[in-house]
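Input: a single structure, listed below in structure tokens.
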Amino acid sequence: MKLVVVILLLSIVPIISASPHGVISLPLKYTKRSIEKRDQGNLHTFKHDWWAEVSLGTPPQKSNMLIDTGSSNVWAYSKSCGTDECFLNFKGTNRFNQFISTSFEPAGNRVFDMTYGGGTGIAYQIGSDIVEIAGIRIDKQQIGTTTNLVNRQIDFDGIVGLGRDKNTNPSFLATPTATMFKQKLIKSNMFSLDLKSFADGGGGELLFGGIDYSKIEGDLVCVPTASDDEWSVEYTTICVGSVDIKRSAPEAVLDTGSDSIYTSCGTAEAIYNEIPGSRLHKTGDWIVPCELPDHVYVAYEIGNVKWRIPAKDLVTGPVAGVEDYCIGAIQVDELPFDILGAPFLKQYYTVFDSENQKICLAKKKQ
């Protein structure tokens, strides 16, 4: 999920417990749900969410937290959010109650704001508490506790942000991964992702501190990160089959919080001109036949390797009133970079290495 505005404080805290092998394996769960894409209806798409169970406070309060490489912060929907919109939107969620946690320490009354690319906006205050991830306890981890909510699009109890260290504000503060590394809870300031779609059984694994080579087929292909602010890489070209498409931007951000792949208007048009039956819907979204031929694919060339998105993952939800048509997985967003979201990331094993300033990709073992 591309973060637009961020102000959140994270702390470096003392060692409480450590994993025996210097890595922490966090099982992920997967939710695929249909959502209306436009207020006027007609278009529905599927939202792909990878999330994990995290405990906050004393006694521990369970929270189902979205895993997001596009932001760098930890926050939770909380009991301190008393607005009408909070009451209407928080039904069915585990709202963190910092008032009953004996280990919660407020850090003043200042209110911060955060807005995500999908439109969700929150206001929150900062406090510190125990955060437990996969049985590993982090003491005095600072988290955001919500005080207001606008346009809720996140159906979870909060977010664990895994973005770049410099995407925090102020920039010298640590991300959750960096905090674990500095506490010696993990052996390396890195994490790896194995995301599985519903068709592959769902879920997956987030591995803090290392790489699970048993899940990789062939070599890891590693490239330097293209930005200090985002998990981005330089790519050479985009192709549809054997046809090269002129790239619109030199970089692409790898974002687990994005449901689609986003590129410029011109690049999207050039891609869909090569996919039979594609056309532009009246809403401005590209739509494609729900059953694309198996030989159709789109690929991004990264590190001299063309990483394919197969035909089955180039389509999402059906289009009402347009028989046999679905929304395309590649859509338009005029940003200075492309965004490689769920349709791309679930194809490959991905390593996000802050320690060595690189991102690695590998094919998964079948």
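Note that Cβ sites are derived from N, Cα and C of the backbone, with glycine treated the same way.
What TrEMBL says about this protein:
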type: ACT_SITE; residues: D68; note: active site
type: ACT_SITE; residues: D255; note: active site
type: DOMAIN; residues: 50-362; note: domain 'Peptidase A1'
type: SIGNAL; residues: 1-18; note: signal peptide
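Around D255 (active site), taking its Cβ as the centre, 27 other Cβ atoms fall within 10 Å, counting all chains. Mean model confidence of the domain 'Peptidase A1' (50-362) amounts to 90 (pLDDT, 0 to 100 scale). Cα of D255 (active site) to Cα of D68 (active site): a span of 7 Å.
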